Amino acid sequence: IACLVMYLFAEFDDAANLLAANPDATTISIDEPVEIPKNQHSRLQEPGREEDDELLGTDDSDKTELLAGQKKSAPFWTFEYYQTFFDVDTYQVLDRIKGSVFPVPGKNFVRLYIRSNPDLYGPFWICATLVFTIAVSGNLSNFFIHLGKPTYHYVPEFRKVSIAATTIYAYAWLVPLALWGFLMWRNSQVMNIVSYSFLEIVCVYGYSLFVYIPTAILWIIPQKVVRWVLMVFSLCLSGSVLVMTFWPAVRDDNRRIAVATVATILLLHALLAVGCLAYFFDAPELEIPAPIIPAHNGTTVITKSH
């Protein structure tokens, strides 16, 4: 022990002599943590790409996905399996609707609202509400346009409900399916592009259609100019949600392919809006030949009805 104490004192004396000879020398305490220098070859983060890096998959996100994958999922033929797709509360649905109506420039809708818990509850009921809103508003619009004409007899067109349901639900499911398949194919061809699940894409498309519900109600106004202005305004709002969501998924791809993909998404979205407005509200009047009524003087009278 005496030798150890003498050795320690000798070490302290040497350190004191070094400090006396060079006062500017740097000392390191064993109690202070040593800072590890950052990797100099790491890729510089560009402004606005942090969200995309999270969508691409960092170490933290990979760990989260691995932990999520450890959860036991019920078989697909059980009710519990489909119950997870509707596991959202009212506040989450309202928050996602607000995000689709008031999109924030530069913000990804999936990252802000969907990725934590994608659902089918909101998209299903939004599409169902839109179907009945378009069908009922189209019948009311036709009624108000011909109101006051003596030859007009109002007949509800119930077939518009089935046509609207087929159109809306086909768009809300088939287009996301095609887009999901395309992104999966491009993800296998090009590395480091954003990938979305099919449920996330369906969720984005479903919530993006909400803005057309109040728009369809306002389409009852019997003014074509007002209707088309409302349609363009709604198309810009819902289309911006789709662009800000899917542009990060394709912008690292070939430039022409990326632009063509986004243009196709907007074109299909515009065709849905224009088609609904043109068919359910601005459809041309069809002249139905009225039956020939014989007159008492031997002549025939032909009446026209619309």
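Every residue, even glycine, has its Cβ placed from backbone N, Cα and C.
TrEMBL annotations: computationally assigned, not manually curated.
Record features (TrEMBL):
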type	residues	note
COMPBIAS	49-59	compositional bias 'Acidic residues'
DOMAIN	101-273	domain 'Yip1'
REGION	36-60	region 'Disordered'
TRANSMEM	120-141	transmembrane segment
TRANSMEM	161-185	transmembrane segment
TRANSMEM	197-222	transmembrane segment
TRANSMEM	228-250	transmembrane segment
TRANSMEM	257-281	transmembrane segment
Top partner of the transmembrane segment (120-141) among 161-185, 197-222, 228-250, 257-281 - counted as Cβ pairs under 8 Å: 197-222
Candidates 161-185, 197-222, 228-250; stretch with most C-beta pairs under 8 Å toward the transmembrane segment (257-281): 228-250
Intrachain residues whose Cβ lies under 8 Å of the transmembrane segment (228-250), provided they are six or more past its termini: 51-52, 55, 99-101, 103, 105-110, 179, 183, 186, 193-196, 204-205, 207-209, 211-212, 215, 218-219, 257-258, 261-262, 265-266, 269-270, 273-274, 277
Integer mean pLDDT for the domain 'Yip1' (101-273): 89
